[in-house]
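Beneath this line is the structure, given in structure tokens, with notes to follow.
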Amino acid sequence: MNLVKIFYILGGVGLGQAYSTFKRNHSNEYQNKFVFLTFIQGLLFGIIGLIIVLADVPINYGGVIIVLSSLSIMKTNLTMIAVIENSIKRNKIVLGVSVVYSVMLVLLLLFHLVSIKMVFLVYAINEFLRIILFLYYYNMFPVFEHISIKEFFTIYKFGFLSMILTLLITFNYSIDIIMLKQMSSSYNVGIYSVAVTFSNMFLMVPDSFKEILFGDSAKRTFEKNKAINAIKVSFLFMILLIIGFLSFGEFAITLLYGSSYIKAFPITLVIFLGSLSMIFFKILQPIYISQGKQSVAIKILSVSALINISLNWYLIPNYQITGAAIASAISYTVCGLFFIIDYLRN
């Protein structure tokens, strides 16, 4: 499934996120073009991938991975278009499909049908169902519309930049664990992974605002105060959650993971310090994409990633998981502060 995630990020070429830039400048004029290109991308990826697999490239479940990646490319891009058009409707569809997906997985357990092939099949049904519902409820159909060469290159220029941005985000969130695996014990990696899981849970509030802002910032009438208010509310919730974690965090970790993982508590608190500044990034990222400022975001994230790598390289050998947490907190803080300073300045 990790391969599927990598493939759909690369194969999607950031098309769904790039739609917000065109929505802001051209309203709904480009919707059908983006939907059509989404399906072309998914199908081309599937065809080329299957040709490579049939050429005896040694990848376990290669054909299945290619088909799932092809579906995920279409689903991911359509999801972004749906968020930009109407995030509330999108959330209802995702919730409904997620319930169906969970029920199917439970049925596999109840009837003792659990196997890799069956899990892949259920996942494929989940992806396909989302695609169909997005097309139906948003009246989006892959109808061919003429696209000039200039339009084509402009679309994929913003798409490619959005893809690089997504890859940098994924890299920045995972580089600490990757380096820990190379420079520390598996036990420390497990402890650190628990801390990262908790810190990510507390970023769900700005994540929810981010989805709303993807749609709002794609409108010409978008006001800067909406982003500032979202940041204020997110900060308030984060402070309350940190107070709650200080009070009940050790109990929660022991209950969910066992007493052997209690060392994750102070590590989580260190990462929290950086997560506060990441609110700026989470809230402002969709605005930068909608305004066609992906290159600015890429520069900031690149600096953050370099800081993360450099600090991890020095701190992990000397301070192990505490060093990794400090490196992440500092790089997250730099990233968030650069975003808010640039946003307020401009």
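The backbone N, Cα and C atoms fix where each Cβ goes, glycine too.
Record features, source TrEMBL:
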TRANSMEM  34-55  transmembrane segment
TRANSMEM  61-84  transmembrane segment
TRANSMEM  93-114  transmembrane segment
TRANSMEM  120-138  transmembrane segment
TRANSMEM  158-175  transmembrane segment
TRANSMEM  187-209  transmembrane segment
TRANSMEM  230-258  transmembrane segment
TRANSMEM  264-284  transmembrane segment
TRANSMEM  296-315  transmembrane segment
TRANSMEM  321-344  transmembrane segment
Between the transmembrane segment (34-55) and the stretches 61-84, 158-175, 187-209, 264-284, 321-344, work out which stretch tops the count of Cβ pairs under 8 Å.
61-84
Using a Cβ distance cut-off of under 8 Å, indicate which of 61-84, 158-175, 187-209, 230-258 has the most pairs with the transmembrane segment (321-344).
187-209
Highest-contact recorded stretch vs the transmembrane segment (158-175), from 93-114, 187-209, 230-258, 296-315, CB pairs under 8 Å
296-315
Spatial neighbours of the transmembrane segment (93-114) far in sequence, C-beta under 8 Å, 6+ residues away:
79, 82, 122, 125-126, 129-130, 133-134, 137
Does the transmembrane segment (187-209) reach the transmembrane segment (120-138), going by 3 or more CB pairs under 8 Å (6 or more apart in sequence)?
no
Which residues of the chain, 6 or more past the ends of the transmembrane segment (230-258), have a CB below 8 A from one of its CBs?
194, 198, 202, 205-206, 209, 212-213, 264-265, 268-269, 272, 275-276, 279-280, 282-283, 340
